[in-house]
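Marked as NAD(+) binding site by TrEMBL: GLY114, VAL115, ILE116, GLY117, ASP118, THR138, SER139, LYS151, LYS160. Residues or ranges marked as Zn(2+) binding site by TrEMBL: GLU193, HIS255, HIS274. Summarising the annotation, TrEMBL assigns domain '3-dehydroquinate synthase N-terminal' to 77-188. Sequence annotations record features per position, and here TrEMBL assigns domain '3-dehydroquinate synthase C-terminal' to 190-339.
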Amino acid sequence: MTSPASAARRTVRVDLGERSYDILIGPGLIASAGAEIGARLKGCRIAVVTDEHVAPLYLEPFLSSLADAGIEAVSQVLPAGEKTKSFEHLMTVCDAVLGARIERGDAVVALGGGVIGDLTGFAAGIVRRGSRFIQVPTSLLAQVDSSVGGKTGINSRHGKNLIGVFHQPDLVLADTGVLDTLSPREFRAGYAEVAKYGLIDKPDFFAWLEKNWRDIFSGGEARIEAIATSCQAKADVVAADERETGLRALLNLGHTFGHALEAATEYDSARLVHGEGVAIGMVLAHQFSARMNLASPDDARRVEAHLKDVGLPVSMDAIPGGLPPVEVLMEAIAQDKKVKSGRLTFILTRGIGQSFVADDVPASEVLSFLKEKHPR
Ligand SMILES: NC(=O)c1ccc[n+]([C@@H]2O[C@H](COP(=O)([O-])OP(=O)(O)OC[C@H]3O[C@@H](n4cnc5c(N)ncnc54)[C@H](O)[C@@H]3O)[C@@H](O)[C@H]2O)c1
Ligand SMILES: O=C(O)C(=O)C[C@@H](O)[C@H](O)[C@H](O)COP(=O)(O)O
Ligand SMILES: [Zn+2]
């Protein structure tokens with residue numbers, strides 16, 4: 001794969017019939033948000049939801065871009081971090097949207113990372129039985145993954161993302177300029193989801209990442225190329241299987257283990273964030289595939305080496321503060337949304353870029369594998 005000639009704005013279309021939408025990718029999109037939104041959603045008012053880290057950096061520029069385009073807006077700022085994906089904050093967002101008399105034809109905007117996107121999208125999906133929704137993702141993770149595809153929701157004490165709806169956005173504005181203020185830890189976490197697309201079914205993209213990841217971290221054309229490639233990969237899967245009846249489950253590579261680890265660390269972002277859980281989960285998925293004689297252990301070592309190179313955690317013992325016993329992880333795994341008739345479904349692999357959906361994975365095998373890997 002070669003780098004593009006210029007870092008100009010890119011557009012990826014998510015093809016879903018009457019619910020199709022564009023993902024605009026490039027620098028300066030917050031400054032031109034008013035014009036982009038005004039051109040598509042004529043005469044709408046807007047409720048913007050953001051978090052306390054993003055608000056001081058980007059709320060005012062976003063609101064003034066709307067004001068310049070003659071769009072009236074209200075805003076709601078929430079605490080940052082995974083714990084915000086809760087009923088309490090869902091209620092706050094619904095109250096703010098209704099209190100501002102945002103109508104169905106108006107729009108609810110998520111300005112922030114995946115936490116704000118998932119929560120706000122859920123609120124937009126249920127307020128007035130479905131309101132228009134715009135994603136303005138500000139983290140790498142949100143730009144390459146969570147802002148696309150319409151999965152929205154909150155966490156439950158029974159597990160991650162267990163309460164939510166599918167609700168597609170009408171537009172995604174991914175301003176790549178804002179990624180310069182993201183912490184290195186959060187940038188790395190988002191990178192795990194970028195690498196995921198290579199590991200699912202794009203071995204050439206994974207090899208390109210192994211070579212070019214430093215350029216992605218430092219910004220410029222390689223970063224935009226990686227974001228656009230990721231969005232296109234996700235858009236293709238979502239267009240083929242919007243509601244995860246089959247193929248879309250591939251996007252869950254590393255997530256069955258990762259979500260169990262997030263639940264086990266009580267969604268404490270100081271200990272583990274989603275992308276870190278996915279990084280550890282993808283290494284575990286490759287190691288488990290090797291243990292089941294589906295793939296070579298060399299592939300698992302290659303995945304581990306690359307994620308370690310970029311500075312991501314690659315094993316459970318990298319999680320600070322210890323973990324509950326394996327049986328607790330197994331309980332979270334049993335609540336995974338891919339479980340069918342009580343049988344576990346995992347995304348396993350035959351090698352780099354050869355992932356597949358494995359139904360009916362024996363729980364006993366998973367348990368003994370996790371016992372080997374658990375730091376105790
Ligand atoms: N719906 C989906 O398809 C999907 C896909 C992947 C992940 N997710 C969800 O997304 C969430 C993780 O998203 P995330 O990694 O963006 O976490 P996040 O929303 O917590 O954002 C990470 C941190 O970065 C801060 N931040 C965001 N943008 C910033 C910027 N430009 N400058 C400075 N700070 C900034 C945030 O305030 C936060 O502290 C998880 O809840 C995960 O389950 C959903
Ligand atoms: O969009 C999807 O489909 C995904 O699985 C993307 C994942 O990266 C994301 O973390 C998603 O929220 C997980 O979905 P879930 O259904 O396992 O909760
Ligand atoms: Zn994810």
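In case you wondered, yes, glycine gets a Cβ from its N, Cα and C as well.
Remember, TrEMBL labels are computer predictions, not curated facts.
Predicted, not measured: the structure shown is a model, and the values here were computed from it.
What TrEMBL annotates, mapped onto the structure for a quick look.
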residue	record	Cβ neighbours (10 Å)
GLY114	NAD(+) binding site	28
ILE116	NAD(+) binding site	33
ASP118	NAD(+) binding site	24
SER139	NAD(+) binding site	28
LYS160	NAD(+) binding site	24
GLU193	Zn(2+) binding site	27
HIS255	Zn(2+) binding site	26
HIS274	Zn(2+) binding site	29
Env. residues of Zn(2+) site, Cβ within 8 Å of mean position of GLU193, HIS255, HIS274 Cβ: LEU141, ASP145, ALA192, LYS196, GLY254, GLY258, GLY275, GLY277, VAL278, GLY281
Diameter of the NAD(+) binding set by C-alpha atoms, the set being GLY114, VAL115, ILE116, GLY117, ASP118, THR138, SER139, LYS151, LYS160, in angstrom: 22
Binding-site residues clustered about HIS274 (Zn(2+) binding site) [Cα within 10 Å; pool: ILE116, ASP118, SER139]: none
Binding-site residues near ligand 2 among GLY114, ILE116, ASP118, SER139 (Cβ under 6 Å): none
Overall pLDDT of the domain '3-dehydroquinate synthase C-terminal' (190-339), taken as the mean: 97
GLU193 (Zn(2+) binding site) and GLY114 (NAD(+) binding site), distance between Cα atoms, whole Å: 12
Assigned conformation of SER139 (NAD(+) binding site) - DSSP reduced to three states: coil
Minimum Cα separation from GLU193 (Zn(2+) binding site), reported as the residue among binding-site residues ILE116, ASP118, SER139, LYS160 that achieves it: SER139
Length of the line joining the Cα atoms of SER139 (NAD(+) binding site) and HIS255 (Zn(2+) binding site), in Å: 19
Residues of the domain '3-dehydroquinate synthase C-terminal' (190-339) by DSSP state, where helix covers H, G and I: 107 helix, 0 strand, 43 coil
Alpha-carbon distance [HIS255 (Zn(2+) binding site); LYS160 (NAD(+) binding site)] in Å: 10
